[in-house]
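Everything on this sheet refers to the single structure shown next.
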Amino acid sequence: MELISDVKLKTSVPFWCSTRVAIAFMVFLGMVVHFSQKTNVSIGLVCMVNHSAVEYNHINFTKTQPISTDDKCPQMKSNNHSDGSLVWSKNTQGLILGSYFWGYILTQIPSGYLAGRFGARFIFGGAIFVSSFATMFIPISANTNWIVFSILQVIIGLAHGTIWPCLTVILAHWAPKDERGKLMSFMNAGSQVGNVLILSIGGLMCSWNFAGGWPLIFYSTGLIGFIWSITWLFFYTNSPRNHRYISLQEKEFVLEHTQQKLSNSNSKHSFHAPFRAILMSPACWALFIIHTCCNYGTYTFLTCIPKYMSEVLKFDIKSNGFLSALPYIVLWLNTLFSGFLADIFIRKNILTITQTRKLFNVLGTILPAIVLIGLAFITCQLKYVAVILLTAGVAFGGFCFGGGFVLVANDIAPRYAGVVFGISNTFATIPGIISPYVVGALTEKDPNNWRIVFFICSIIYVIGMVVFLCLGSSELQPWAIEHVDNNNLLLKKNDKTTLKMTNET
């Protein structure tokens, strides 16, 4: 009878018109805001900086003429676009792009612990509110001093550093195991949509005469952040138990198939993250390493594609914005596809969870590595071939986001997913600090050194793939279930009794 009841419960709970999908949609919008604020500087610098003056100063300083391909590949200029007023060297621009990650790296582990103990509602909502407030002041700071600009970027990074750990906690509380891939891929797809919107629309804003053009990039992303944070605080709850709109059937279904069964409503008083066990776990270190290696490529693409489009491929700012966004449109689609496909593999027992994660991690690392090697030999004379390769390289990373390492923390330790992912993202933020500066240092003297940038990314991708194939696992770890049994049995009994009484009524 109990088996029949469970089957009936599963078939009677809708997916598309459910509260958990509504939660996923809100997170999706939050990720749109997060990444539009994260990426706005990379497109903003293209039109804020007086690149002609920077190049002139560099030539006078070095007393040598840099290698140039302008005769073969003239810059495609827009009639409505001219250089900005800020004379910041490429090294300074690299420091500005990296300053975000100095803040971002500091809040990963603390926020993972706090979100695991107190929930993600106020941490996620507060993070977007703070980052939006700081974003609104970026135009003023840019005209004051690049150091003030960088300080605001650090503040935004501090706020945004809490978001991914919150995302894994939300997933642990609201995503049943068989729906984890598609819900995570949908939520994570917001990051790609944020990139697409800011890179494409930001390029257009640069050419507008209203409010100086480029400041609109920061004012608009700040405003939508304020709106989202207020809506989030009103709609989201840390547990299905307390949500005002969820049905009893869906509540029971979500509680039955998520980490809610691992703890009672007072779990925040007994939440103790097993840091020693986490740091001694080969499965965790495999996650940390592939996450870090993938992020090196991701952050190189994220922060430097507009610069590559402008300096090497010679696209004007309008084309630059749209073409810089194009890879993220395809990445968005691949992330969604990968999440659904990974869930099918697991649900139909085609592959185990570990085999599924390894397969998608291989696809999400080796394919971008191959594309980058090809891209290293493309010149501006084949600029549209380069765009195709860039698009493919970024898009292939969607296999990792939809069915790969992004889900591993929830697989191996759902109760401590926020802490595990927080530690992982701390390591994985280091490339965000290093990569922009490396790109700036390598390409400042010779644009042909973009080839070296791509070779470095390829090697790092392969290292991450090999490590996860050897050490990676998505099996629930013993140290992640040591506090389960008593609360699990008690809550299971209470929740089923409540549902039964409701049905009888």
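For all residues, glycine too, the Cβ spot is worked out from N, Cα and C.
All annotation found in TrEMBL is predicted automatically rather than curated by experts.
If you check TrEMBL, you get these features:
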DOMAIN    23-476  domain 'Major facilitator superfamily (MFS) profile'
TRANSMEM  12-35  transmembrane segment
TRANSMEM  95-115  transmembrane segment
TRANSMEM  122-140  transmembrane segment
TRANSMEM  146-172  transmembrane segment
TRANSMEM  193-211  transmembrane segment
TRANSMEM  217-236  transmembrane segment
TRANSMEM  277-302  transmembrane segment
TRANSMEM  322-346  transmembrane segment
TRANSMEM  358-378  transmembrane segment
TRANSMEM  384-409  transmembrane segment
TRANSMEM  416-438  transmembrane segment
TRANSMEM  450-471  transmembrane segment
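For the transmembrane segment (277-302), the residues of the chain that approach it from at least six positions outside its boundaries are 38-39, 42, 101, 195, 327, 361, 364-365, 368, 372, 390, 393-394, 397, 400, 404-405, 408-409, 412-413, 416, 419-420, 423-425, 427-432, 434-436, 439, 453, 457, 460-461, 463-465, 467-468, 470-475, 477, 479, judged by C-beta separation under 8 angstroms.
When the stretches 146-172, 193-211, 217-236, 322-346, 384-409 are ranked by Cβ pairs under 8 Å to the transmembrane segment (358-378), first place goes to 384-409.
Sequence-remote contacts of a segment are chain residues at least 6 beyond its ends whose Cβ falls under 8 Å from one of its Cβ atoms, and for the transmembrane segment (322-346) they are 43, 178-186, 188-189, 192-193, 195-200, 203, 301, 305-306, 309, 315, 352-353, 356-357, 359-360, 387, 390-399, 401-404, 407.
Most Cβ pairs under 8 Å to the transmembrane segment (146-172), among the stretches 95-115, 122-140, 217-236, 416-438, 450-471, belong to 95-115. Across 122-140, 217-236, 384-409, 416-438, 450-471, stretch 416-438 shows the highest tally of CB pairs under 8 A with the transmembrane segment (95-115). Within its own chain, the transmembrane segment (217-236) has Cβ neighbours under 8 Å at 22-23, 26, 29-30, 32-33, 36-37, 40, 43-44, 120-122, 124-126, 128-129, 131-133, 135-136, 138-139, 198, 201-202, 205-206, 211, counting only residues six or more beyond its boundaries.
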